[in-house]
């Protein structure tokens, strides 16, 4: 049954007002007058944390990714959602967790089970204490001004820079969600066991191209993974360098050692560079999902490009991170500015 024309106009007006509001309210100088020390405070805290433990840079970057990917909508899916159920969508957008909204930081409550206990996050996500420290400093300097979601976005950028990568401009003005969902995190975050087609679909559902999926995967140029997530690759797969597989087996037996860690980038794990892609070309991807990017499929050429041009990788990664940071943010009067990133006000 067709919608009345007046209803169509109403739905379109809601759609474009929401998208325009989100776009207009993210600005790199959002805190220029309300909290001018915000960016320098975050940068200093991240730099100190990464200097103390290089792995923390990867952990903070991963926090931002796992925050943004949950419940995020591409513009197309958001259009469809609002058009076919615009009134419901309007209230849902204001009451639920969406995209880059710091929902990943919330502890469980009596009313919801949060994202920290999802399979992709439990005993895996790190860096919460660093975010707590930054938030505490900012609450002292300018109470109730800087959102936890913006802290995550800036900390991710500053982590990459601290590890030797290039910078990008972070739009600011996100607000924090008042709820979180374990089920949403379970459903939305890509698995390290995914094949290429599933990876492309998972990222496409968030509005990313296959190329953007490849370049964002380059974040695995730093950080570590548990044995349980790559055991099947080193013992059962054939598209893996035999010496590389052997070197990993000493720390990841076929039957135990699930929590033992190995670097995602076997060559320069504490640097943010393009070595990850060089490793893939040499069949030294740690995770199944990593090596799928260079395994005779449609993304081989993109991996080759990044393996030979660090400048191209840096530029494309920066663009993709800006896009990811703009996934369905809460802005304006939606959500809140949490005083404690782990709990709603």
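Glycine is no exception: its Cβ is also placed from the backbone N, Cα and C atoms.
Now, the feature entries from TrEMBL:
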ACT_SITE  66  active site, proton acceptor
BINDING   67, 70, 99, 101, 103, 115  Ca(2+) 1 binding site
BINDING   190  substrate binding site
BINDING   220  heme b binding site
BINDING   221, 265, 268, 273  Ca(2+) 2 binding site
DISULFID  35-142  disulfide bond
DISULFID  68-100  disulfide bond
DISULFID  148-341  disulfide bond
DISULFID  227-252  disulfide bond
DOMAIN    25-345  domain 'Plant heme peroxidase family profile'
SIGNAL    1-24  signal peptide
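Locations of recorded TrEMBL features on the structure.
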residue: 67; record: Ca(2+) 1 binding site; CB count, 10 Å: 32
residue: 68; record: disulfide bond; CB count, 10 Å: 30
residue: 70; record: Ca(2+) 1 binding site; CB count, 10 Å: 32
residue: 99; record: Ca(2+) 1 binding site; CB count, 10 Å: 25
residue: 101; record: Ca(2+) 1 binding site; CB count, 10 Å: 33
residue: 103; record: Ca(2+) 1 binding site; CB count, 10 Å: 30
residue: 148; record: disulfide bond; CB count, 10 Å: 30
residue: 220; record: heme b binding site; CB count, 10 Å: 26
residue: 221; record: Ca(2+) 2 binding site; CB count, 10 Å: 30
residue: 227; record: disulfide bond; CB count, 10 Å: 20
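The recorded positions shown are 68, 148, 268; of these, the one with its CA atom nearest the CA of residue 115 (Ca(2+) 1 binding site) is 68. The number of other Cβ atoms within 10 Å of the Cβ belonging to residue 268 (Ca(2+) 2 binding site), over all protein chains shown, comes to 18. The recorded positions shown are 67, 148, 190, 227; of these, the one with its CA atom nearest the CA of residue 35 (disulfide bond) is 148. Measuring Cα to Cα from residue 68 (disulfide bond), the binding-site residues that fall within 10 Å are 99, 101, 103, out of 99, 101, 103, 221, 265, 273. Here the binding-site residues are 115, 265, 273; the one with the fewest Cβ atoms within 10 Å of its Cβ is 273. In terms of Cα distance, the recorded positions that sit within 10 Å of residue 67 (Ca(2+) 1 binding site) are 100, chosen from 100, 142, 268, 273. Neighbour density for the residue listed as 'substrate binding site': within 10 A of its CB lie 20 other CB atoms from the protein chains shown.
Distance from the CA of residue 99 (Ca(2+) 1 binding site) to the CA of residue 252 (disulfide bond) is 35 Å. Taking the centroid of the Cβ atoms of 221, 265, 268, 273 as the Ca(2+) 2 site, the other same-chain residues with Cβ within 8 Å of it are 222, 267, 269, 271, 272, 274, 275, 276. For residue 227 (disulfide bond), the nearest neighbour among the recorded positions 142, 148, 273, judged by Cα separation, is 273. Annotated pair residue 101 (Ca(2+) 1 binding site) and the residue listed as 'heme b binding site', C-alpha to C-alpha distance, rounded: 23 Å. One residue stands out among the disulfide-bonded residues 35, 100, 142, 252 for having the most other Cβ atoms within 10 Å of its Cβ: 100.
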